[in-house]
Amino acid sequence: MHKCYGTMKLIFLSVLLTSFCQLSNSYRCETPEDWVETASHIRLPGSENSIPNADFANIRKGVKWPKGIVPYKFHASLTLQDIAEVRGAFEEYESKTCIKFKPWNEGDLDFVSIEVNQSVCGVAHVCKQGGYQFAQFGDPSERCRNKATMVHELGHTICLGHEQQRSDRDNYLSFPNCDKVPRKNPSGDYWASGIYDYSSQLHYDCNWCGGGWPKAEEVTKCGFEAESGLSPLDVDKINELYDCQGCHRHRWRPAKSLTREEMGNMYNFGYKLKDGTPLYPCRAPLRWEVSPGRYDIVTKSCHIGGWERTFVITENVEVLTIPGGLNKGCSAYKLTDRADVTRENGIVSSLSFRYTDARGYVTYGTLKNESGVEDNALGKVWLWDKNQNFQNYAAELQHGTVTGFQENYKVLTCSFDQSCAIKKLMEGQTM
Ligand SMILES: [Zn+2]
């Protein structure tokens, strides 16, 4: 649904949306009831897989898929091309998170049926329902029947709600001159907190009444216009929700509510300032980006270098934590020299709401401070599209009030040792 209306003329919208309203129940309907400010409460089954009480961003308080494994069936309505698109969506999840899509087997009671429904762009149940549920895409005339729509629908399958329906969305979006606006998800049914993600695949494209207009003036793109797949914040959210391990086990935690245990999981990778201050990574929204910087423990602020100055951000600051330590199971988090970093092992830490598929990575290096003395520094390097690598760009580092570019830098990476994993599996150990 997020894809098909952004480019359409508004005059057609209300007609179409009204017709969809009559087709589906509210909770599995992509827009109709979503467009009016009425809360509909949904009964949810209880289970040991219920989502724990935590401050996740816009996640339905429903039932998760055990171990992140989603059994699926391909419905007979799918063409071979549809199946290729769906497999592309599976790959998007499986390459970036620990979610696994597994063909249905005898004995799988709960499963998602992947179906074509030509009367909608896309629609799916939110969370595990018990027994049969569906994720549908359809209308070919509106360019809905593709991987991007299925990535969105499968997000619902694993419990993600629409970002533009977060209960706190009015801080980030406005809906000027809209007769109908998407309702907010009832806070009783959804958690909403953390950095607002304009680029989420669960955010409709913006600058129309369905997706809202960003209040941050410099933010120009939302949803699939900002990201061609899961956004870095989607990925982090899913990995946290499903407690993914290996190289998915780092967690960006809100500075405001950092626990003692989480503080114990912060790492400075051996980097300190000359005065002994450890350099811990943080990230925060800044202009049209979410950008990495240096965490100040005392003021709980994130010091981000950019546009030739230092910004001290105190709102929506998140701190990097690595539960279990730098080395756990067969995964190792470390700093890697610029020349040896790949897009595969670099930890994506930040993103843009303006440039499609921009990626920011935590970097360490040295920088001359205000007095001209070389000292350790923390910052980021950006890759601006899918084909770039770290050889194209210098890192932008920050020290005190100084920011500057550095050619020699190290990037935060994680590597996973497959042979170690196979050995442990054979020994019957879990990772
Ligand atoms: Zn949706």
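The backbone N, Cα and C atoms fix where each Cβ goes, and this holds for glycine too.
Annotated features in TrEMBL:
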ACT_SITE  Glu153  active site
BINDING   His152, His156, His162  Zn(2+) binding site
DOMAIN    49-245  domain 'Peptidase M12A'
SIGNAL    1-26  signal peptide
Protein Cβ atoms within 10 Å of Glu153 (active site), excluding its own: 29
DSSP-derived class (H/G/I helix, E/B strand, else coil) of His152 (Zn(2+) binding site): helix
Of His152, His156, His162 (the binding-site residues), the residue whose Cβ has the fewest other Cβ atoms within 10 Å: His156
Integer mean pLDDT for the domain 'Peptidase M12A' (49-245): 89
Cα separation, His162 (Zn(2+) binding site) to the residue listed as 'active site' (Å, whole number): 10
Where His162 (Zn(2+) binding site) sits in the secondary structure, as DSSP reduces it to three classes: coil
